[in-house]
Amino acid sequence: MSTPHWFDQGSLVLASNNKGKVAEFEKLFEQLKLPVEIIPQGHLNIPDAIEDGLSFIENAIIKARHASKISGKPAMADDSGICVPVLGGAPGIYSARYAGEHGDDAANNAKLLNDLLPFRKNGEAIEGMFVCVLALVTHAEDPLPQIFQGIWHGEILEAPRGENGFGYDPLFWLPELQVSSAELSKEEKNKISHRGQAMQLFRESLQK
């Protein structure tokens with residue numbers, strides 16, 4: 001297996017201070033059996049980057065470069081969110097602060113439900129998708145960031161269901177499984193989620 005030189009360093013900074021994301025990533029790396037130590041940027045006192053990009057890809061790269069510059073280590077960043085076509089793709093890159101305050105899951109969910117009220121017709125399903133973009137940089141000025149993208153299709157419920165996960169998981173319905181994302185275990189979710197898909201592509205890149 002040919003691996004990039006950064007892989008031999010044995011550690012990778014995860015450019016996130018989101019506890020839910022960090023927990024999912026730690027579980028994903030454990031499941032994928034990758035011999036890489038994941039160091040959440042908070043453990044290195046790295047503050048959040050200013051996300052001023054206009055796309056998931058741009059923001060993921062911004063966050064990865066920020067963490068790599070401060071730590072001097074390779075860094076991986078996740079930029080993810082939920083996109084609803086009838087809302088023009090919103091909440092999109094603003095998913096974490098959709099209701100105003102960053103990371104207020106309850107308020108974000110309530111705003112999404114309220115914004116969808118005019119589109120609820122005769123019980124018709126409203127399509128939604130979770131998007132995850134991972135950006136990996138070997139150093140802060142890496143001219144060729146590696147990008148891995150996962151998209152998870154589903155529907156938006158009219159009320160929350162389930163106690164697991166975080167973010168919009170309680171509103172994300174999987175018709176083929178007849179459960180919400182918040183009703184899946186971490187292991188079940190990681191096998192099929194947007195983040196799980198992107199991580200699998202990352203793993204495959206290490207085997208090329």
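FYI, residue positions are counted from 1 along the chain as it appears here.
Placement of Cβ uses the backbone N, Cα and C atoms for every residue, glycine included.
According to Swiss-Prot, the protein carries these features:
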ACT_SITE  Asp79  active site, proton acceptor
BINDING   Ser16, Asn17, Asn18, Lys19, Gly20, Lys21, Ser80, Phe166, Gly167, Tyr168, Asp169, Lys189, His194, Arg195  substrate binding site
BINDING   Asp79  Mg(2+) binding site
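Per the record's binding annotation for substrate, residues Ser16, Asn17, Asn18, Lys19, Gly20, Lys21, Ser80, Phe166, Gly167, Tyr168, Asp169, Lys189, His194, Arg195 show a top Cα-Cα distance of 21 Å.
The binding-site residues listed here are Ser16, Asn18, Ser80; among them, Ser80 has the most other Cβ atoms within 10 Å of its own Cβ. Shown are the binding-site residues Gly20, Gly167; the one with the most C-beta atoms within 10 angstroms of its own C-beta is Gly167. Counting in whole angstrom, Gly167 (substrate binding site) lies 13 from Asp79 (active site, proton acceptor) by their C-alpha atoms. Around Asp79 (active site, proton acceptor), taking its Cβ as the centre, 26 other Cβ atoms fall within 10 Å, counting all chains. Using a 10 Å radius centred on the Cβ of Asp169 (substrate binding site) and all shown protein chains, the other Cβ atoms total 24. Of the recorded residues, Asp79 (active site, proton acceptor) and Asn18 (substrate binding site) place their C-alpha atoms 11 Å from one another. DSSP assigns Ser80 (substrate binding site) to a strand in the three-state reduction. Counting only same-chain residues six or more apart in sequence, the Cβ atoms lying under 8 angstroms from the Cβ of His194 (substrate binding site) belong to Ser80, Met129, Phe130, Val131, Cys132, Gly150, Ile151, Trp152.
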